[in-house]
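*Asks:* Provided herewith is a single structure, encoded as structure tokens, for subsequent inquiry.
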Amino acid sequence: MIPIRNAGEIKKMREAGAALKEVFGVVAPLVAPGITTMELNAEIERKIFSLGATAPCKGYEGYPAAACISIDDVVVHGIPSLRRLAEGEIVSVDIVLKLNGFCADATRTYAVGRVSDEKQRLIDVTRRCFYNGISRIRAGARLGDAQHAIQMTAELAGYGVVRAMTGHGIGREMHEDPTVENYGRPGTGPVLKAGMCLAVEPMITMGTWKVKIDSDGWTCRTVDGLPAAHYENTVLVTADGCEILTE
């Protein structure tokens, strides 16, 4: 069952979203050649705790860090390490925080220094996938309407849409119903209702949509080694559209 949030719960979701927005305000200036992903994770964790929030990713099924930091061909769930960011790479930073009992989840893909036009276009189209998808979200619509819009935006641009990783409902827990895929058919899926909260997160690849998991059990990367980008926000379904809580 997909939870419907009441006014008090929505207020707390907005507060969690605003806090996560603050965290990303710290991230953007730090993304530069030379910083290690472990150093970036430490600053993210420090900021989360300074806001009175917690980092639900850390310890989730054994995951060791507050953030997922994924470089180039890593789609999602990259584990922070001593690896340094290098000029020309792209890096996706996926963060969840929990504040006063409610979660917010968002991801941004950043250019590290100057990147190729091809990588920048991938970042831009992935962001467009998100916005085209949520333009179909409103009470009474079907979830498949948004999923189809994401898929069509990516595929018409010549990109792949990852199937193995999805978005999700969010609220008191980091992962709730429903599953929010980045592909689908219009007119299918659950009917959306005002008060539902969703983490919508297109994960788009420059080549094939197929992925593999590294031996660490977490790192998800493209099988062809081509880059991927990821753009995510927590959104609230409303009567006439949706409200982005993390932007």
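For all residues, glycine too, the Cβ spot is worked out from N, Cα and C.
Relevant sequence annotations retrieved from TrEMBL are reproduced here:
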- His77, His175: substrate binding site (BINDING)
- Asp94, Asp105, Glu232: divalent metal cation 1 binding site (BINDING)
- Asp105, His168, Glu201, Glu232: divalent metal cation 2 binding site (BINDING)
- 11-239: domain 'Peptidase M24' (DOMAIN)
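If you look at the structure here, what lies around each of the features I listed?
*Replies:* In the three-state DSSP scheme, His175 (substrate binding site) falls into the coil class. Annotation for His175 (substrate binding site): spatial neighbours His168, Gly169, criterion Cβ-Cβ under 8 Å with sequence separation of six or more.
The Cβ of Glu232 (divalent metal cation 1 binding site) lies under 8 Å from the Cβ of Asp94, Asp105, Ala106, Thr107, Phe130, Gly167, Ala199, Val200, Glu201, Pro202, each on the same chain and at least six residues away in sequence. In the three-state DSSP scheme, Glu232 (divalent metal cation 1 binding site) falls into the strand class.
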*Asks:* For His77 (substrate binding site), what residues in its own chain, 6 or more apart in sequence, show a Cβ-Cβ distance under 8 Å?
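*Replies:* In sequence order, the residues whose Cβ lies under 8 Å from that of His77 (substrate binding site) (at least 6 apart) are Tyr63, Cys68, Ser70, Asp94, Trp218, Thr219, Cys220.
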*Asks:* Which one is it: of the binding-site residues Asp94, Asp105, Glu201, which Cβ has the fewest other Cβ atoms within 10 Å in this structure?
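*Replies:* Counting other Cβ atoms within 10 Å of each of the binding-site residues Asp94, Asp105, Glu201, the minimum falls on Asp94.
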*Asks:* Ten-angstrom check, please: count other Cβ atoms within 10 Å of the Cβ of His168 (divalent metal cation 2 binding site), all chains counted.
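*Replies:* A 10 Å sphere around the Cβ of His168 (divalent metal cation 2 binding site) contains 19 other Cβ atoms.
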*Asks:* Excluding Asp94, Asp105, Glu232 themselves, which residues in that chain have a Cβ inside 8 Å of the centre of the Cβ atoms defining the divalent metal cation 1 site?
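*Replies:* Other same-chain residues near the divalent metal cation 1 site: Ile95, Val96, Ala106, Thr107, Ala199, Glu201, His230, Asn233, Thr234.
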